[in-house]
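A.B. asks: Let me give you the structure first, and then I'll get to my questions.
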Amino acid sequence: DQDCLPGWSFYEGHCYKVFDVKKTWEDAEKFCTEQMSGGHLVSFHSSEEVDFMIKLASPILKFDLVWIGLSNFWRDCHWGWSDGVKLDYKAWSDKPNCYVAKTVDPQWLHRDCSRTYKFVCKSRVPR
């Protein structure tokens, strides 16, 4: 839809895909960058975008947790999205290293970056 690759879903100028495979945060982020130019773990910039991800992920993953691009993985104590977009919308519960989002409600939880979770990739629509 809207020029996304087959299997990807369009929302507000970006393409999204849920991956039903577990990886560490770093491996999931690397995987997303390899899927599509400009790809990263999903970042959120509105509650509507979170709702879109929940609608996309919950039928595939049921109740689960997915890695999102929020971390301080590369920036000591500086929080930011892995796609470089500034942190303008927050829904977190606490504050350590990497974050997962629930697939059933708009809540983010911190988890050790070395744990493995399923994930959602996001990319700009390819030109």
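Please read every residue number as a count from 1 along the shown chain.
Placed from the backbone N, Cα and C atoms, the Cβ positions cover glycine too.
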A.B. asks: I want to verify the bond table. Which candidate from Cys4, Cys15, Cys32 sits on the other end of the disulfide that Swiss-Prot records for Cys121?
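C.D. replies: Between Cys121 and one of Cys4, Cys15, Cys32, Swiss-Prot records a disulfide, namely with Cys32.
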A.B. asks: If you look at what Swiss-Prot says, which of Cys77, Cys113 makes a disulfide link with Cys98?
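C.D. replies: So the cysteine that Swiss-Prot bonds to Cys98 would be Cys113.
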A.B. asks: Roughly how many Å separate the Cα of Cys4 (disulfide bond) from that of Cys98 (disulfide bond), to the nearest whole number?
C.D. replies: 27
A.B. asks: Sort the disulfide-bonded residues Cys15, Cys98, Cys113 by C-alpha distance from Cys121 (disulfide bond) and give me just the closest.
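C.D. replies: So, spelling it out, the nearest of the disulfide-bonded residues is Cys15.
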A.B. asks: Counting every protein chain present, what is the number of Cβ atoms, excluding its own, within 10 Å of the Cβ of Cys4 (disulfide bond)?
C.D. replies: 18
